[in-house]
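Input: a single structure, listed below in structure tokens.
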Amino acid sequence: MTSKFKYENLTPMLRHYVDVKNDFKDALLLYRVGDFYETFFDDAIITAKVLSLTLTGKECGHVDRAPMCGVPHHVIDTYVNRLVKKGYKVALCDQIEDPKDAKGLVKRAITRVITPGTLTDMESLENKENNYLLSIFENEYGLAMAYCDISTGKLVGLEIKTLSQNLGKKAIDQIEKINPSEMVLTSNFDNEDIKKYLNLNNQIFINYINFTTDYENRVKTVNNYLGKDNLNKIKDKRLIIVALANLLDYIYKYYEEKLDHINNIEILKINEFMEIESNTRKNLELTRNLSTNNKENTLISILDQADTVMGSRMIHDWLERPLIDRDKINRRLDLVDGFYEDSILSRNVSNLLDSVYDLERLLAKISYKRANARDLISLKNSIKEMPKLKHVLADSTNNLIKNLGLNLPDVEDIYELINKSIVDEPPINITEGGIIKSQYDKDLDNLKEMADTAEDKLIEYESKQRELTGIKNLKVIFNKNNGYSIEVTKSNIDKIDQSYIRKQTLKNQERYTTEELENISSLILNGKEKINLLEYELFNKIVENILNSTLRLQSLSKMIANIDSLNSFAKIAHKYSYCKPNITESNEISIIEGRHPVIEINLDENEFIANDTNIGQDDNLIQIITGPNMAGKSTYMRQMALIIIMAQIGSFVPAKSAEIGICDKIFTRIGASDNISKGESTFMLEMNEVSNIIKNSTEKSFVILDEVGRGTSSDDGLSIAMALVEYLSKHKKVKTVFATHFHELTVLESELKNVRNLKIEILEENNNLIFLRKISRGKSDRSYGIEVAKLSGLPDEILENAKNIMEKLANEDFFEVNKGKEIKNSLEDIKNKKINELKSYTDKININELTPLEAMNQLNILMEKIGEI
């Protein structure tokens, strides 16, 4: 409120508005006044601008009118969602008593505070993705996360316990997987890595809150909201308990009643899933493409052929966290195979699921008391076909699929409850009647019968008055403000009966009432009011009955999502001729006629050139791939990674056959863009990513390196690339594909037993370059840069000049082959120097003066230094 509006001079209502606003200074306050939500002063100016509304004024006790704008109450969700999407917190102040019963100012209170992470309106949310609110808590022992999608009830906890310097990075990777719209942090949160990340990522709404640090209080909070069973699940996970309690405190700050659909926490053990860091997910375009940052031409756009949004969300979850347990992977693959082998079953399941609404969000809407009768009809229609689905699955000859059907929860009682109680096409408003079927409740039927009788009396009364007065166009009309009236045109006023009492004068009509009409009116209106109140009461009881089955309906939702996801994988396997991969415990990857799942569908049939992959044997761990730009090196490397990921989420893969040794992590070093916001050059960014791969990859990992070393001079770049390959070969023994234009690297095949050279086949014909897109053993003779430049349309003058320069450089022996030996000798010198540095470092450590925590830190530093040798 601006200073020119003095509080003491405001009207009582606006003084109350200011009082409420002072408690919610960080929110836009929308204040219910009759049929509108109104906002005033500075909030009105902001709201009018953001929503493109007309800014008006309201009498407020001052000479100047208070700035005001408003929206009708029945469309409030639409406007609130628009404000929240623009980054505003919105507080709704509702009338909590009937204005007719008010003595003085109508009582009002805050009933909802809406932020990006607490949005629940189904129309405003991305239906195929979760909308997470994330809480993080960190102390000296590690970091925990608790996150919840309030619109579905999904609640997850995880912890990262580490003493290494990777804590912040690992946490950021989890944040990117979770992709929250809002985060809740303690007011003293001081993880610099995460804070720096959040400052750069302004898409996440951040709250810093002064939560209590009393651990016993945090335990009680979890117990109060989730019960003992959930508390016992996490009793030894103190970090998660605190993060979860903070999250629940934030959620329930504005919900007085318990939300039935938030009832179970899932504990995620991140070491049970493949690790795919954020840069790798971006480079492989798993869920967002690099060009427009949407789902088009991504792996998720191929995999998600689900018939329900619940299935779509589950496929997204699976893709973010591929499995590393062979039994779990094979179980999924076997289920997919069951649907794949029985196309009739697959089609029947797809048809039955096609009519299923978003059960998770429907149930959530019912839980927070915002469902209307149409939502119950959507629930009814969703579960209507469940007996058929159960029967179709249980009749399968595949035992795994048969069990899916047998374990599907029975919800016929819920269907019958809604079917016998709610009319097929109910109105949206649940307080104005017309939603409960006849013969559901005897008292309601009696009231309706009495109301019908009164309506009949009204019709008889209207007919009798026409006969009495002789006025043929006399009508008994109903007006919301004035009730029932006898309406007569002014030309017939002289014919009215003496018992008529004037009620309202209009331009061309007069309206009257009589004692008899008032009695009939009272019967009708009282009857309607009683009917509406009873229907509302019955509706709430039906809702409570449904909520008593929350766990059963949630179980059904998850099973439907699972069935839908598995069937989606079977459908794409048929559609694109995928094969079932064989998952092994070995370290080898063998793929026959592998294809890139996204690129192949954007080309004409049979246009994509398939390639074999064989890597992971003792003599074939590192593959150096040479060949010109645009020839297909990056496509080949990416398709290898995508096939591994697809196999480990339980999907069939684009190949003739595939043997996949389980990978624990996938790393990529692709691309050459500067990270200016972090002050990192292309080369520095490249080296940071390579360093991360060196530190964190294992023998079970898979690494893609594309043109490492190109961000600096040729000599430096080659030296680093050669040293990197040698280090990977001798110390890491990690499956690596390395695409390069440093042809000198190919000499390493003869010097290192586990290095193998591959090349992209090309054909030169009439001075033209033809890309065959085929991978074969051997090395490329040169990079064909000038030929590729020719394809881009560079002027002939530049191309001819480039050829001349290249010939001169070749004659000057610009780079001698024996430099590779010099580099190798220098690497030995570097190694000896590092050993001496390590000895010097250990000599300075006094073990007797170290605390246990300091000793652990020193041990970790020593391990990292040893890993660098």
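Just so it is clear, glycine is given a Cβ too, placed from its N, Cα and C backbone atoms.
TrEMBL entries are annotated by machine, without manual review.
Counting only same-chain residues 6+ beyond the ends of the coiled coil (437-467), those with a CB under 8 A from a CB of the stretch are 420-423, 474-476, 484, 486, 497, 516-517, 520, 523-524, 527-528, 530-531, 534-535, 538. The annotation coiled coil is assigned in TrEMBL to 437-467.
Residues or ranges marked as ATP binding site in TrEMBL: G627, P628, N629, M630, A631, G632, K633, S634. Cβ-based neighbour count (10 Å, all protein chains) for A631 (ATP binding site) stands at 26. In the three-state DSSP assignment, the secondary structure recorded for A631 (ATP binding site) is coil.
Per DSSP, the secondary structure of the domain 'DNA mismatch repair proteins mutS family' (701-717) breaks down as 4 helix, 5 strand, 8 coil. Feature annotation from TrEMBL assigns domain 'DNA mismatch repair proteins mutS family' to 701-717.
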Segment confidence, the domain 'DNA mismatch repair proteins mutS family' (701-717), expressed as mean pLDDT: 82
Same-chain residues near the domain 'DNA mismatch repair proteins mutS family' (701-717), Cβ under 8 Å, at least 6 residues beyond its ends: 283, 589, 633-634, 637-638, 640-641, 644, 663-672, 681-683, 686, 690, 693, 724, 728, 734-742, 815, 819
Residues close to ATP site centre defined by G627, P628, N629, M630, A631, G632, K633, S634, Cβ within 8 Å: A739, I760, F771
Chain-internal residues near G632 (ATP binding site), provided their CB is under 8 angstroms and they sit 6+ positions away: I609, I760, F771, R773, I775
Lowest local Cβ density among G627, P628, which the record lists as binding-site residues, within 10 Å: P628
